Amino acid sequence: MLVLGIESTAHTFSIGIVKDGKILSQLGKTYIPPSGAGIHPREAAEHHARHAPAILRQLLDMLGLALSDVDVVAYAAGPGLGPALRIGAVLARALAIKLGIPLVPVHHGVAHIEVARYTTNACDPLVVLVSGGHTVITGYSDGRYRVFGETLDVAIGNAIDVFAREVGLGFPGVPAVEKCAEAADTVVAFPMPIIGQDLSYAGLVTHALQLVKSGTPLPVVCKSLIETAYYMLAEVVERALAYTKKKEVVVAGGVARSKRLREILSAASGEHDAVVKIVPDEYAGDNGAMIALTGYYAYKHGIYTTPEQSFVKQRWRLDNVDVPWFYDLCNPH
């Protein structure tokens with residue numbers, strides 16, 4: 001069974017193909033906003049619409065496949081930016097109608113988790129999903145991913161991106177801020193807003209910008225921001241490990257590329273005899289392969305829709321999604 005997956009939730013448009021549960025390849029293109037600006041949903045959507053046909057053709061040609069070889073089409077149905085989501089959904093519906101094949105709506109966050117589990121051979125981990133749109137500590141229980149802790153305002157990646165943009169470090173913000181932080185050998189005190197199991201990152205950005213305006217060297221502020229943001233995550237991860245007793249920690253999402261985050265989470269997890277497994281860099285950011293893979297799992301368990309009944313959801317909680325395929329991944333592929 002050949003599944004084509006379409007990702008278009010934010011700044012990246014990507015298509016991936018999975019055959020019988022194995023990732024074959026993916027291809028994508030990322031919208032880079034003008035210097036000093038954030039992602040404009042309409043401009044991201046125009047970018048996706050402009051590049052989608054060529055990406056689809058190139059991927060099929062690269063794999064020696066015809067469009068008619070596709071058995072199922074999956075698409076990221078949310079959460080995300082409405083105009084960008086709709087570009088992927090329209091393409092998915094068009095393909096489903098043209099080919100007469102099933103259509104599978106996929107939750108973007110669940111897809112991040114499943115590609116991380118697939119690539120790390122993790123069975124029943126505590127998951128740390130960190131990206132521009134997600135900051136969630138979650139684990140599986142009773143048919144769904146249950147949230148042990150999450151951001152109460154902005155996601156960690158978004159927060160660092162905003163800071164980087166405001167101080168002129170460019171986009172994407174996380175690697176730029178981490179690079180700047182390398183020049184510092186000290187840190188300054190930051191608030192650590194942890195409310196129960198939940199986190200707040202909006203205030204960290206405000207505090208960091210105030211420090212820059214007051215004359216604190218930029219590398220020192222960058223280092224302090226990064227260390228505080230990551231140690232806040234580690235605190236919640238430790239609490240979740242103490243509660244769940246899980247022995248695997250999977251880090252998924254674009255911020256999983258951070259070497260410093262890996263170090264901090266590995267140290268925290270080691271205190272609970274848990275092993276940290278990191279999604280490979282090529283699958284850390286938004287990608288079509290994770291949509292195709294999750295679409296494959298979902299379709300095998302009877303989850304699909306028709307073009308007339310398909311949807312996009314700009315807001316869609318992770319713990320509102322059934323994952324009946326969860327234990328299928330516990331057997332090595």
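Yeah, the Cβs are placed from backbone N, Cα and C, and that goes for glycine too.
What Swiss-Prot records for this protein:
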- H108, H112, D286: Fe cation binding site (BINDING)
- L129, V130, S131, G132, G133, D161, E178, S258: substrate binding site (BINDING)
**Message:** Need the DSSP three-state call for H108 (Fe cation binding site) to compare against my parser.
**Reply:** helix
**Request:** Show, in sequence order, which residues other than H108, H112, D286 on the same chain lie with their Cβ within 8 Å of the centre of the Cβ atoms of the Fe cation site.
**Result:** E7, T9, A76, G109, A111, S131, G133, H134, G253, N287, M290, I291
**Using Cα positions only, nearest of the binding-site residues to L129 (substrate binding site) (H108, H112, D286)** = H112
**Fill in**
Rounded to a whole number of Å, the separation of the Cα atoms of V130 (substrate binding site) and H108 (Fe cation binding site) comes to 12
**Site with most surrounding Cβ atoms, counting all protein chains shown within 10 Å, from the binding-site residues L129, V130** = V130
**Fill in**
For the binding-site residues listed (G132, G133), most other Cβ atoms within 10 Å of the Cβ sits at G132
**Prompt:** Which state, by DSSP, holds L129 (substrate binding site): helix, strand or coil?
**Reply:** strand
**Asked** Among the binding-site residues D161, E178, which residue has the largest number of other Cβ atoms within 10 Å of its own Cβ?
**Response** D161
